[in-house]
Amino acid sequence: MEESSMAQASLICLLLSFSIIMLSNAADISIDCGSSSSHIDADNRTWVGDTDFVATGLTSKFVPFSKFPAELTTLRYFPTGETNCYTNIPVEKGGKVLVRTRFLYGDYDEESTYPTFDVVYDGKHRYSVVTTTFETVTESEAIFIPENGNISVCFFRTLSSKTPFVSTIEVRRLDDSMYTDLGPKEGFILQQRIAYGAQELVRFPYDPYDRIWMPASVFASHLTSSATSIDTTGADNRPPEIILRTSWSQKDMAFYDIKLPFSGVTFYIVIYFSEPLSLGSDQKRSFNVYYEDKQVGSDLIVPPFGAVTQASLRDVVKTELAYLTFEATPDSTLDPLINALELYVISNSGGSGNGTNSTSTSGGGSPSPGGGSGSPPSTGGGSGSPPSTGGGGGSPSKGGGGGKSGGSNNGDGGTNKASEDEKSADSSGKSGEEKSSSNLALPLGISLPTLLSLGAGGWGVWKYFIKPRRHPESELPLKQNISLQVNMGNATVVNAGQ
């Protein structure tokens, strides 16, 4: 009898272990496209071959000029068919997932064609992929809620002369409490995810959800947190602590950005703030954030020391002149700051890829209005050593915000949300920072007037101009501008006004 009970207990433990393994497999998976074998990378991520997920296409392996992880040196390409799909990728039904595809062309076909094509996530959320060099790692990423226990990732030929391909597919399970602004039928198509002041990109293991945060280290006032630890629970999206240890702080600047793929797209922006200094009783940092004339978050931003708050804005349509401004309150003694930012296009409806392969070879087709479009950022290889946080230049739909939510305000055409941790300031320490009541305006991606180099993985053309927020457009000193052509994290001055 005792042996029978022990056998039953062992069987139960075995079944529980199997269930945990199955749940883990449904949560996170890394597919090495074009490979039939598995391997473990330097950051202890397990990569599996792609033969269980795709039945079409051909494989290629090449030796790149630069050093790349093994998973980026193989790929699968699709010389025939209008749409080719990876299917039966396991996920948790109804749970939020992040799906990332990466592309390293490497001139595998020796044609120097620089492929362009679309990727469609789960038959709904579409993004246009543009490769620009042999050695540039291009990526696309979407956050959405799967309706079933498996998803598809499809590659759609947009030009008959261009062959779609893919190097890796990564699926990461997100906590249900994250990205509460995401509606059940929507997708967030990543445009930018930036850690201001960071020296290197940040991802797993420093971000347990394996989001990739690009560094932005430029000639701005760069602050490093003196907090022993930073509580990240005050922000719904759970930014990793390491990106909250650096920030930009600046005044009297405004930037506008043409980074989003085209005017008319609807987007979601979320910004993270953490006070780096233990403020004295005579010090205060408080400000509002505006995208054009729409407030980001419905509450005043008072960054908490040793904690984090987030402010977000969604359902805003991108216009030709898009700028982000941080406006200090009259009683603020310190400049506004920013730690990190995420920017997404909101996908509301499907693309053309429905999880099945199409044999048409005619090509053509345009991106779905609900999806994103444009050239994704370049991120290179793995995370390597811990990202540096010191020195250098500066860097709802439905649902509430993290911490103490400010609710919503739809009167300005966008949905606002802010979360704030109002911990009392430690008056024992005083900052050497100068008193200032001023405005900080940053590009959604990167830039400051003295910027000559850039590490935020942005692209497109950025411009800045000095602009007091409340001045009418006719008074903007547009001659004081500088255009930066951004590619692969480097900036080149192409035009400067007087």
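Placement of Cβ uses the backbone N, Cα and C atoms for every residue, glycine included.
Look at Swiss-Prot and you will find 27-441 tagged as topological domain 'Extracellular'. On the 0 to 100 pLDDT scale, the topological domain 'Extracellular' (27-441) averages 80 in the predicted structure.
According to its DSSP assignment, ASN44 (N-linked glycosylation site) is coil. In this view, ASN44 (N-linked glycosylation site) is surrounded by 8 other Cβ atoms within 10 Å of its Cβ, with every protein chain counted. What Swiss-Prot records for ASN44 (among others) is N-linked glycosylation site, and it gives sequence analysis as the kind of evidence.
Among the features that Swiss-Prot reports, N-linked glycosylation site is placed at ASN150 (among others). Of all Cβ atoms in the protein chains displayed, 15 besides its own lie within 10 Å of the Cβ of ASN150 (N-linked glycosylation site).
Taken from Swiss-Prot, the feature N-linked glycosylation site covers ASN354 (among others).
What Swiss-Prot lists as N-linked glycosylation site is ASN357 (among others).
Swiss-Prot lists 362-414 with the feature compositional bias 'Gly residues'.
What Swiss-Prot records for 418-436 is compositional bias 'Basic and acidic residues'.
Under the heading topological domain 'Cytoplasmic', Swiss-Prot lists 463-498.
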Where ASN150 (N-linked glycosylation site) sits in the secondary structure, as DSSP reduces it to three classes: strand
Inter-residue C-alpha distance, ASN150 (N-linked glycosylation site) and ASN44 (N-linked glycosylation site) (nearest angstrom): 24
